[in-house]
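Report on the structure given below.
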């Protein structure tokens, strides 16, 4: 912000030290009214302290917003994304990326409601989250002023930050005085860790990094078998019990955690142009990914599946880069949602020490035809002779090429 | 073949009962000279008996071709494919698909050498392999006559087949009298099982199906740590020891096998239009896939990686459908190979009960810049303020849309 | 058909000599009841004679179906396709391809209505139309029997065909005794000519081939200026006059015809594997294509437009190959239709001797912001300084690559 | 540049008023040594005056670089791009985009040669050219300092610019005192005009905008017929006369100009996020585009062509956005170049009042098989019966879908 005329700002506020410092810095630097917004996205922290701290820092009660967004998060963000089998760079289930647009959306709703002209977040200038927040802000409220303190202030060392906190009577938990050995983000879908002790990509991640799953080596010696029920592309139950989206994901997280499922140690490419290394834990999401693919395997037409697969990298990139609220994401979502109408049925899985193993799938909409595929007598369901013409015409262009001197598909 | 004027045919001959029946059937039906071709692709069977049996069935010694193609298979087929991180339908490492073009190629070479006008294979009329063989034949020798006995003859039951074998004095191993409970294909990259007891996709695969890997539950309780060395996209060594392509894959197979790695139970879509269920074991290939992605993660530029990822489904489909010898595969290969010039370095992995876990990657060509990504003072390597302009211009079209009434990326 | 037990067949019947011979051949070969279906798709022929001829050939009145499908054709087939800016192989507006699924659909509706177990068409075994018809049939009525006389009978020469016609008292127009110098297909969207005198791709098409447009060299020396009005991606009016879909296209055809617009002489790749040469005339469609792109140019978001463009070749291929009634086409259509919500406004065009020239576009939903783009003082709408950060972060990965020795984007 | 310690800067210098002001501004603001680089890319201006003016403004003779890059431009930039049939947003032949990387490349070469630490260009902060220049600079010399005066200085009005020029004794041509009615960029491939009188997209472009082509309405009343000869994807001759790349394009430009070919009035989407309206003239390029597609139509395999077409929008976007020197462009180029090996032969065209009409194509590598496509007796080249199996297996998945209740390809 080079424009200093901010009147009221809605801050994405976690209640932690960093966003508390931001809160106070906004008050002192912009001399504007600060509204705090704290969301429960399943990060596993109490929200009460955030309210207390906001009050302590001088925020008026009517300016403190605390929302439980867990069901919205899973139903309207996580599930639509999982319909696409989205993996960024072939591996990453996008746990952080998918939470940011919801926070941005709610922040803007609050800004409209309280008449704020600005929003602020606590993401740094090196990462993807600043992009995801701000793209969301601008797409939803094009005239909003955006304040990104980490890009603006001079509190660039831990010492400076602590000094500012002390100077402004911001309470500092004992264990926050020193620097954390790595940085964590968490929500109902995943936890991510990065930075500091994780910065050297040749060094194995320390076991302390993994907080949401037990190690495969520590997981039980026995297989846990479960079923997941799907309707129109979304999981709706576990072991026959119908569950709300957030409840279902919570349960899958527990199952994944105790079986050591969903760890990923990845070097990825950030939208801002550098590579970074992250350690991700997506226990329930990993199970859901495998199950959804298995559900699709018997209910989706081949070309429908291949079309989805061919667009998936683009879809994942869009979300990773922060363009959830964009025409291109909406268009792809329309295509993906259209494909899921018959993705209904049950998948059976074995969970065991880091493995999610499909052991069965069934559906009222199955396209799997035992009558056709059987090695036994198929009673005329399939005429093997058809294959000859099929192959000959598929080969024709290559035969014509070979006759013209381009053997073996040469160009 | 409606044209019966075949003079000499090169048969892809395994030495087993089925292709022995085909051999005799070709002799009696087409009254043509039969040349047998048996390849060692690492399927794990002795080739000596194939020669003996061919001789027994009246094939002239000069018409018996037996080749060890393992190094060619891995170097010229498996490795180029792994450069693409090819997965069919998100899961399948294409172990059968990639072997067929090599067999077809060698069969046609032999046909040219011995002056044969026809080739024959033992694939059925329902599967993909017939397509893969025949597309290869036609692309390499456009005037070749193709005989696919399973689409032509009336030996459509096991009983009829055995009767034909007995009538023609074809030796029948005791355990081949009855029907196998499922059908198997194997080579150095993988084993696949399908059919019969595997036809119901809701039924879990019996443990007897898995022949090339021990179960994760039976695998050792301790982690095996290895390194894989890469040069220009191909694996060249394990634990610092330089190995030839086939030797390397053989060693990875052993490592994968004993750690329960590489099983896949999948319902897939065949090119001929039906779904089928296969159980695949790709122990070494699974490790190689994970390692190659990790190697790329620090050596490939982001857009190079994303471009590859976006084309991978198409590339995998091309190979699955049998179009290895095609212009489109060659074009994509040119793109992929271009990308691999700097994919050189070392990946460290932990193998444990079905898991292949990346624990480190390093490269002389690394694009990972600790100087840029660090949470510490980066001494000006990266100007966080740049992010503001980056975000604002990336958001501009969405802001203009929102100003025109299309908030949140609405269309 | 190897199965001869056909009871009742619905024939796509034009009333011409060829389909009359087919009608009689079906009666004599399959000894089944024949139902004729003749559609007005705007091919420019009277349908009365088709009825008379069917009666003459012994078809019962209740078995004669004649439908004017022009509005359906344009509204439900042509317009959805034009929303995609579909061009096959960069050039072809798919005039024949888009008509086939509608004919197939109506034929199957009639089959269901009259209880027919079979359908028949007059397309040859070399072309795309057989595929388009039959894919449609099978997708809509999976158990239908399909009769394709040209692939089955022995009337393979003109002489044999005429002899059969004479033998069965089929009236033969004088000018149909000899062979036509080329083959024609027509509907409201286009006319296509191919075969015979057009088979040598080096020879220029004779002027007589072009039947639906006057030559650019013969077109008026003056410019005709028109406007086309769009709503949600579809043309709804010309020069301010609201018109029904078929009326609108008819009028555009007249405008295109008299201005020599819409000719295309193309060598294309057929789905069955060979190349063919076609001369196409799409006068109104060519104008519509240019206008629709211009309409989108101010109303579509950039990434929405680019996503559409990237999928267009696949969409066009799907339609060309005959897969209108497929999940993949429906999925892409959902994406495309989603994009068109704001494609509303007016385009002004100059038509002149083969040229369709955009001279203006306006829209209530325009995303064009003169305030931003202006070379004049923009009063802060756009901060040029933002571009620096935008460029620096877009370049960062390339800079990191160059620092690692890969200058100029080398790999 | 916030860092002011520039020692020596290489300026892309046209000799015009704007870059002369920049030259002087660099001297006075950065107090650094200025090196001028002026390229002949076929923009149609004498380069002598640029040298004189640079000398006049105090540039040392050894710091003045003037290069004729026309052959390099066409051979290494224009032709590779035309192999891809690149069109941005379906219409634009990328005439400006493709020139920028060559200028950037040469500027960096000079910087390395003279030991300059900075480069500067005269593009504004709103357009694409700044991005194209700077991406090139950074990719080739990652530590280079980039000066973009239009984003930095306060000479934001014409008056201020003229005043600065007068103050520094920069000669001002009489016709440059007022503002130009629109802005022009030109090179051997095209001229573009934008801004000012072109800013309202509903207003037709004034005829004065078009400088490089005569109007179709003014073009000769007779058809000009030419042939273009190709080798491996590049044009090598016209009417049988072998020509160097730049000579060839120059001649095509003359042919296009006099026949009113290659005008385009377009609203396009800039990389920086806004829409703009440009009037482009690409006379020779338009002819070349049509001819190249026609050459490919008989020499490229279907899937090779479709693969190219599916990647073309991405390739065009990469070039438009300024990423010529990038891994992704190089990878796509490898794929495209691989496809062109047999794109050799001759295309015959008719040029007439804005139209480029293909009237014939022939090639020693033609894949067009008259034997197969003929309507006459093909003597067994093609077995029509093969089509039945081809269609039946292509339809199988849709039939299975319909049997499962999803008729017509429903999902």
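Cβ from N, Cα, C; glycine included.
Pulled from TrEMBL:
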- C:12, C:13, C:14, C:15, C:16, C:17, C:18, C:19, C:20, C:39, C:122: ATP binding site (BINDING)
- C:92, C:97, C:128, C:132, C:183, C:192, C:268, C:280: L-citrulline binding site (BINDING)
- C:124, C:128, C:129: L-aspartate binding site (BINDING)
- C:8-171: domain 'Arginosuccinate synthase-like N-terminal' (DOMAIN)
- C:182-399: domain 'Arginosuccinate synthase C-terminal' (DOMAIN)
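Sequence features annotated in TrEMBL and their locations in the structure.
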| residue | record | DSSP (3 states) |
| --- | --- | --- |
| C:12 | ATP binding site | strand |
| C:18 | ATP binding site | helix |
| C:92 | L-citrulline binding site | strand |
| C:124 | L-aspartate binding site | coil |
| C:132 | L-citrulline binding site | helix |
| C:183 | L-citrulline binding site | strand |
| C:192 | L-citrulline binding site | strand |
| C:268 | L-citrulline binding site | strand |
| C:280 | L-citrulline binding site | strand |
Note to self: I'd like the number of other C-beta atoms within 10 A of the C-beta of residue C:183 (L-citrulline binding site), please.
What the structure shows: 17
Checklist line | Sparsest Cβ surroundings (other CB atoms within 10 Å) among the binding-site residues C:18, C:129, C:268 | finding: C:18
Item checked: Longest CA-CA distance among C:12, C:13, C:14, C:15, C:16, C:17, C:18, C:19, C:20, C:39, C:122, per record bound to ATP, angstrom -> 16
Item checked: Proximal residue to residue C:268 (L-citrulline binding site) among binding-site residues C:12, C:16, C:129 (C-alpha distance) -> C:129
Notebook entry, point to check: Including all protein chains displayed, how many Cβ atoms other than that of residue C:14 (ATP binding site) lie within 10 Å of its Cβ?
Noted result: 19
Margin query: Just to confirm my parser: what is the rounded mean pLDDT across the domain 'Arginosuccinate synthase-like N-terminal' (C:8-171)?
Written below: 96
Notebook entry, point to check: Which binding-site residues (C:14, C:16, C:20, C:129) fall within 10 Å of residue C:97 (L-citrulline binding site) by Cα distance?
Noted result: C:129
Checklist line | Cβ-centroid neighbours of L-aspartate site C:124, C:128, C:129, 8 Å, sequence order | finding: C:123, C:126, C:127, C:130, C:131, C:132
Next item on the list: Report the same-chain neighbours of residue C:20 (ATP binding site): residues 6+ apart in sequence with Cβ closer than 8 Å to its Cβ, ordered by sequence.
Entry: C:13, C:53, C:57, C:165, C:170, C:171
Check: Tell me which residues of the chain lie with their Cβ under 8 angstroms from that of residue C:132 (L-citrulline binding site), as long as they are six or more apart in sequence?
Finding: C:97, C:100, C:101, C:104, C:321, C:322, C:324
Item checked: For residue C:92 (L-citrulline binding site): intrachain residues, at least 6 apart, with Cβ closer than 8 Å -> C:264, C:266, C:268, C:278, C:280, C:320
Checklist line | binding-site residues among C:92, C:124, C:132, C:183, C:268 whose Cβ lies under 8 Å from any chain D Cβ | finding: C:124, C:183, C:268
Check: For the binding-site residues C:16, C:122, which Cβ has the most other Cβ atoms within 10 Å, all shown protein chains included?
Finding: C:122
Notebook entry, point to check: Out of C:12, C:14, C:122, which of these binding-site residues is nearest residue C:128 (L-citrulline binding site) by C-alpha distance?
Noted result: C:122
Notebook entry, point to check: Could you tell me the C-alpha distance between residue C:183 (L-citrulline binding site) and residue C:18 (ATP binding site) in angstrom, no decimals?
Noted result: 12
Next item on the list: Identify which of the binding-site residues C:97, C:124, C:128 has its Cβ surrounded by the largest number of other Cβ atoms within 10 Å, counting every protein chain shown.
Entry: C:97
Notebook entry, point to check: Within 10 Å of the Cβ of residue C:280 (L-citrulline binding site), how many other Cβ atoms are there?
Noted result: 27
Check: Taking the Cβ of residue C:12 (ATP binding site) as reference, which residues of that chain separated by at least 6 in sequence fall under 8 Å from it?
Finding: C:19, C:37, C:39, C:103, C:107, C:119, C:120, C:121, C:122, C:133
Check: Relative to the Cβ position of residue C:192 (L-citrulline binding site), how many further Cβ atoms are located within 10 Å?
Finding: 22
Checklist line | Between residue C:124 (L-aspartate binding site) and residue C:16 (ATP binding site), the C-alpha gap once rounded to whole angstrom | finding: 15
